[in-house]
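What Swiss-Prot records for this protein:
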type: BINDING; residues: CYS45, CYS48, CYS64, CYS67; note: Zn(2+) binding site
type: DOMAIN; residues: 41-298; note: domain 'CoA carboxyltransferase N-terminal'
type: REGION; residues: 1-21; note: region 'Disordered'
type: ZN_FING; residues: 45-67; note: zinc finger
Amino acid sequence: MNQEVKSGKVLSPSTPWTQRPVPGIEVADEQQTLKATFTEPTIECPECHALVTRTAISFNAYVCPQCDEHLRMKARDRLNWFFDNVVAELGQEFSAKDPLKFVDSKPYPDRMREAQTKTGETEALIAMQGNLNGVDMIACAFEFDFMGGSMGTVVGDRFVKAAELAIEKRQPLICFAASGGARMQEGMLSLMQMARTSAAIQKLKDAGLPYIVVLTHPVYGGVTASLAMLGDIHIAEPKAMIGFAGKRVIEQTVRETLEEPFQRAEYLLDHGVVDQIVHRHALRDTVSRLVSKLMNLP
């Protein structure tokens with residue numbers, strides 16, 4: 001039987017012409033190509049199901065290059081992306097306590113350790129001082145993967161410290177909100193953070209300093225009922241879910257079916273709840289421009 005040897009492969013006469021190499025043209029081995037493609041970890045877009053490498057999605061600010069879906073962004077990645085230069089991280093001295101000795105299916109300290117291992121963070125809020133387009137500012141971001149971005153005493157401590165430093169330095173405060181609400185494991189102490197953060201925001205406003213909130217997916221509960229809805233300007237990312245109680249809870253309470261876009265950023269924009277929806281790629285310039293106008297900067 002006649003056989004051909006091309007590029008290290010043994011080809012029989014029965015090999016289809018589509019699989020035969022063309023003289024002068026080198027074709028990469030299919031298995032090697034697939035192996036090279038998947039040597040780097042990939043992320044599947046929840047909207048179009050495209051596989052995108054972590055490097056590519058990170059470079060694109062966690063926006064799917066195929067369908068433009070805004071994927072969830074980790075708090076530290078978001079702040080490092082937002083600032084041109086980070087000066088300092090705030091509130092690292094605060095650590096969670098367990099005064100209620102709370103236990104559900106497991107003790108609260110065990111849940112905290114699991115969240116810290118999962119995210120690499122010590123709490124659900126990260127606050128930083130930095131600059132954007134030449135303007136110094138303070139920004140904080142919720143880490144949703146840390147117990148659903150829930151607000152406990154340390155989240156309140158860090159937010160208040162960020163607001164106080166903003167007043168001291170005469171700088172604007174930006175908050176990227178993403179939370180399921182107050183942290184039930186801390187009971188009334190977590191609910192008190194709604195009042196604490198609201199009071200800190202009022203002091204910021206009394207000082208004549210801007211407070212801009214960026215509502216990312218999702219924002220619910222006590223965070224919505226306090227610091228997330230007290231901004232001078234509310235920006236939402238596309239398709240973000242924003243509300244107090246979730247859609248399912250509301251439907252079970254009122255015994256009615258709610259329309260599909262309910263609580264979506266676009267629906268809330270149409271009803272005057274948020275001021276604008278901004279694509280993530282335009283967010284830095286939008287915030288920079290708003291801060292310059294609100295602070296009468298050149």
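Each residue, glycine too, has its Cβ placed from N, Cα and C.
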Most Cβ neighbours inside 10 Å, all chains, among the binding-site residues CYS45, CYS48, CYS64, CYS67: CYS64
Residues within 8 Å of the CYS45, CYS48, CYS64, CYS67 Cβ centre (excluding the Zn(2+) site residues themselves): PRO46, GLU47, HIS49, ALA50, VAL52, PRO65, GLN66, ASP68, GLU69
Secondary-structure category, per DSSP, in which CYS64 (Zn(2+) binding site) falls: coil
For CYS48 (Zn(2+) binding site): DSSP state (helix, strand, coil): coil
